[in-house]
Amino acid sequence: MSLPIDDIRRLADLHQKPRHLHFQYGTAGFRTIGENLESVMFKVGILAGLRSKRLDGHTIGVMVTASHNPEPDNGVKLVDPRGEMLEASWESHATALANAADTDAFIEVLKNLVKTLKIDLSKPSRVVYARDTRPSGPALVAALEDGFTALGVEARNAGVTTTPILHYLVRAINTKSTKDTYGDDSVEGYMQKLSTAFKKLVAGKPASPPLIIDCANGVGAEAAATLSKYLGESLPLILLNTETTTPGALNHACGADFVKTQQKIPPSLSSHIKAGQRACSLDGDADRLMYFYLDDRSQFHMLDGDKIAALVAAFIVDLVKSAGLENEVRVGIVQTAYANGGSTKYLSERLPVRCVPTGVKHLHHAAERYDVGVYFEANGHGTVLFSPETQATLAEHQPSTPAQSTALNHLINLTQVINQTVGDALSDMLLVEVVLAHRSYSGVEWDSLYVDLPNRLVKVVVPDRSIFKTEDAERRLVSPSGLQARIDDLTRKYEAGRAFVRPSGTEDVVRVYAEARLRAQADELAYRVAGLVYDETGGDPATRPGEFL
Ligand code: 16G
Ligand code: MG
């Protein structure tokens, strides 16, 4: 069987690549101004179908979103059959297809792919797809659907939903009626699974005061509203920033990325939040979560991905011990260089900790190597993975006391409340609420597990970020040569100083991170390292040291 060239040609002609643009499938898939993405969407439709054929007709996911980016941006990423990110070796195929200049070139690249990857075109192809609430979404989805039509893909439209729900659906569809069944393959199935496990986990605990959720004016607002109905009185939620149809509102001065990078409360929440009340922010596609609270003096306290990891990991370790499984089940942590030094110190005194390069796929894969792998990026993206062997151990273990039995049941319910396919703000939120309820913690006690070192993140616009090469999980530069030594000399002058430089995977900039014992010192170190980067590259004159973004 060969490619349906006539159908592909006819539809490809309708979705021409803009001449001047180069596309790259990066850490978060393709991402750029939405109106430039139509040709990419069409090609991704075909690529997803081919990937499904290559994997014997297993269902592939396609998510149309630009996460925390501003509203004019959009993007697309593929999801592999177990609900994880697209296998890295296919990223370059996606890039090659997206950059084929015209229909002829595109068909050539397609034919080559089919040949070199030995894709059996007679296999079925199945895809499930969804989008977030961005205005550019419907037109882009239409282009994607043309891609499905061109290849004859059996495509299921999951409508407007969050990235993690789409990942859930992919896994649920592919495990349907198998021993690894992940849940019913519907949004209701997802809601039912999470809320049922949550209710069991908090049964008998005093009711929590209401939790404020900043929904970033994105698709998380709809999912959170549905979840709230399923949770009922077990967790009262107050949903704010739910304006999904107001132009320009998405991620604007709100959401998880705003909270993390600005280190302050979204102004839209100020009049709603009372001292001590906990609140959290989702990002635009609801796969990142930031908690925070205001203290009695109205000081803002951020509880980021590192604090979530610390809270959750300690709780799971305690449950494993109480269940009598400490010899069978090893809990480990995965972080990136952005993890606050305070968190790394706290966690590594208690558990094995690994540091990996930025990007979910690196964390996810490293976490799979533990029995229970807890991974979180400081920016709030993360989850907990229970290995198949560990899930079997939990299912078979015979507890010898009532206390062991209770702990074991809690662990089993945790495997259900946690979305193990990918970081999921709503699932992570339930997980946090479970731990807070069990520990009787408010934000204050949680925050005091360890003290964050003051830190600063800045970006430098450089002519060519590809000259920046890193090693040691992005903690050190190997190129440009000599720059790391100068960073080291500078960093040594600051108490508890730590700084690193890495090229962004999603923007045309170089990022600089610095932390130190005192706020002013962290700021100074960041700006001075940024100055070194600027001097090295001659940076963009628009961004002089002291004016970094
Ligand atoms: C993407 C990554 C995120 C990472 C961020 C870093 C996924 C799904 N998302 O958003 O994990 O923290 O990029 O961005 O992998 P940067 O390379 O621009 O700093
Ligand atoms: Mg996101």
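Backbone N, Cα and C define each Cβ position, glycine as well.
Over in TrEMBL, the protein carries these features:
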type	residues	note
ACT_SITE	SER67	active site, phosphoserine intermediate
BINDING	SER67, ASP283, ASP285, ASP287	Mg(2+) binding site
BINDING	GLU377, ALA378, ASN379, ARG502, PRO503, SER504, GLY505, THR506, ARG511	substrate binding site
DOMAIN	60-100	domain 'Alpha-D-phosphohexomutase alpha/beta/alpha'
DOMAIN	105-176	domain 'Alpha-D-phosphohexomutase alpha/beta/alpha'
DOMAIN	207-289	domain 'Phosphoacetylglucosamine mutase AMG1'
DOMAIN	304-441	domain 'Phosphoacetylglucosamine mutase AMG1'
DOMAIN	457-530	domain 'Alpha-D-phosphohexomutase C-terminal'
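On the structure: features taken from TrEMBL.
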{"residue": "SER67", "record": "active site, phosphoserine intermediate", "contacts (Cβ under 8 Å, 6+ apart)": "ALA28, ARG31, GLY75, THR163, ASP283, GLY284, ASP285, ASP287, ARG288"}
{"residue": "GLU377", "record": "substrate binding site", "contacts (Cβ under 8 Å, 6+ apart)": "GLY305, GLN335, THR336, TYR338, ALA339, THR358, VAL360, LEU363, GLY423"}
{"residue": "ASN379", "record": "substrate binding site", "contacts (Cβ under 8 Å, 6+ apart)": "ALA256, ASP257, LYS260, ARG288, ASP304, GLY305, TYR338"}
{"residue": "PRO503", "record": "substrate binding site", "contacts (Cβ under 8 Å, 6+ apart)": "ARG465, SER466, PHE468, THR470, VAL509, VAL510, ARG511"}
{"residue": "GLY505", "record": "substrate binding site", "contacts (Cβ under 8 Å, 6+ apart)": "GLY26, THR27, ALA28, THR358, GLY359"}
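Packing against the domain 'Alpha-D-phosphohexomutase alpha/beta/alpha' (60-100) from elsewhere in the chain are residues 17, 22-26, 28-35, 37, 39-41, 43-49, 51-52, 106, 108-110, 113, 117, 126-132, 134-137, 140-141, 144, 163, 166-171, 174, 182, 216, 219, 247-252, 255-257, 283-285, 287-288, 360-361, 364, 420-422: each is 6 or more residues past its ends and has a CB under 8 Å from a CB in it. The binding-site residues near ligand 2, defined by a Cβ under 6 Å from one of its atoms, do not include any of GLU377, PRO503, GLY505. Residues from the binding-site residues list (ASP285, GLU377, ASN379, GLY505) with a C-beta closer than 6 Å to any atom of ligand 1: GLU377, ASN379, GLY505. Taking the mean position of the Cβ atoms of SER67, ASP283, ASP285, ASP287 as the Mg(2+) site, the remaining same-chain residues with a Cβ inside 8 Å of that point are THR65, HIS68, ASP132, THR162, THR163, GLY218, ALA256, LEU282, GLY284, ALA286, ARG288, HIS381, ALA425. Reduced to three states, the DSSP call for SER67 (active site, phosphoserine intermediate) is coil. According to DSSP, ASP287 (Mg(2+) binding site) is assigned to coil rather than to any helix or strand.
Take the CB of ASP287 (Mg(2+) binding site) and look out to 10 A: across all protein chains shown you find 32 other CB atoms.
Mapped onto DSSP classes, the domain 'Phosphoacetylglucosamine mutase AMG1' (304-441) shows 74 helix, 18 strand, 46 coil. Secondary structure of the domain 'Alpha-D-phosphohexomutase alpha/beta/alpha' (60-100) per DSSP (helix as H, G, I; strand as E, B; remaining residues coil): 11 helix, 13 strand, 17 coil. A coil conformation is recorded for GLY505 (substrate binding site) in the three-state DSSP classification, outside any helix or strand.
Confidence across the domain 'Phosphoacetylglucosamine mutase AMG1' (207-289), taken as the mean pLDDT and rounded to a whole number, stands at 97.
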